[in-house]
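Read the structure below first, then the notes.
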Amino acid sequence: MEFHGERNNQWNFMDDERKSINLPRRLSFGNHHHHHHHHHHQNSPDRGGVHYAPSRPSAATTTSVPTQHLPQRPPMSPERTSETPWTLSPVRTSPTQPLLYHCIASLHRHEGNIFSIALCKDFIFTGSESSRIHAWKQPDCTEMGYIKANSGHVRAILAYGKLLFTTHGDFKIRVWDVSDRESFRPKKITTLPQRSPLMLFSKKNVLQHKEYISCIAYNHDDKLLYTGSWDKTVKAWKINEKRCVDSFVAHEGHINAIVINHEDGCVFTCSSDGSVKIWRRVFGESSHILTMTLKFQLSPVNALALSLSPGTCLLYSGSSDGIINFWEKEKTSGRYNHGGFMQGHHFAVLCLVAIGELVFSGSEDATIRVWRREGNCFHSCLAVIEGHHGPVRCLAVSLETENGVKGLLVYSASLDQTLRCGELKFSLLKRQA
């Protein structure tokens, strides 16, 4: 592990990514005209505005959002040194932009695309084509430092408490202690799988993934880390024992996302094979069985998000056809019933985040849409956030309180090699009485 180093050679991410999630070159909704209508929006000159779109919600009506004028914090600039490959991009405000959302910081990366974002307390962590794991201060994106793991690009990142989990180009997982936040001197706890004396005489490590680890999820109650890979398998790792406790073939295609229901321990996976699957631990809690397969359309599924509230559990999935499907958990049987879909994106949905009644979706169409769940699981599109010039690959959202006013910080990274942070005022997102 190093804290400084040179970047690895770049590779054509877009082609590789299309192979993994079957992104269309030019997606057509010609076969769906009988289901919905499109609403095209005129971009502002700086592509940094927000549009309120009467996009096809899951309900028959669309909620309008007031655009009261709210005070804005000035855009803040991250510090740049000779060591960092990041530069501040100009933050421009469109004169027609409503004050529901405004951009706080936009940074351009000079060493490749960003694959993943993770939030933990006051910090943002990003993984990219380089072998660096960057740490930033919320919300102004001041760079706090970075780790160089010397093991290829960082595909997935997950943060919980003082632990940071990262997956790398060598198909391994690394666990870091990031409790020292003042100087950001993380300590590597372990690398999974660990090498044992038996592996010295074996050409193959049966515990190691054979292709890129595309997604990770952590069951903090049981200290189980789940990894999903392009090799079509899911592995469960007992962190305190530093070993793999289960490995199973989960899909017929690349696994693109994995989430956990912390209330019952169920694991959800999605794949390029077009399915979402639900798994439950059995047999001494060391093995997993398939309990349900959700497959509403044939399109590859790229993203998952779980929304939990008292008495309600909703699962969202984003697909390459631009549609977000959702399922609601039945209280008595525990089955997930298809509740409908949200239509608005013109190209593939690549990432999803659910927080409270809100769902955020990032797309290949370079936009982020903000959806709100209404009564009876109906959804309406509140806003379309623009600013990126390429597909939005990953999202993270956190709550903040400033001067007694609650807001949401939205972090996004795109294949345009930029990291953006924007603020949504929470008072405008609350359902009107």
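Glycine is no exception: its Cβ is also placed from the backbone N, Cα and C atoms.
Pulled from TrEMBL:
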type: REGION; residues: 28-93; note: region 'Disordered'
type: COMPBIAS; residues: 31-42; note: compositional bias 'Basic residues'
type: COMPBIAS; residues: 58-70; note: compositional bias 'Polar residues'
type: COMPBIAS; residues: 83-93; note: compositional bias 'Polar residues'
type: REPEAT; residues: 206-247; note: repeat 'WD'
type: REPEAT; residues: 248-279; note: repeat 'WD'
type: REPEAT; residues: 342-371; note: repeat 'WD'
What else in the chain is close to the repeat 'WD' (206-247), if you only count residues 6 or more beyond its ends and a Cβ gap under 8 Å? 20, 155-158, 160-161, 163, 165, 167-169, 171-173, 175, 190, 192-194, 253-260, 262, 265, 267, 269, 271, 279, 285-288
For the repeat 'WD' (206-247), the mean pLDDT of the predicted model: 94
Long-range CB partners for the repeat 'WD' (248-279) (under 8 A, at least six residues beyond its ends), listed in sequence order, are 20-22, 211, 214-222, 226-230, 232-234, 287-295, 297-306, 308, 313, 315, 317, 319, 327, 334, 336
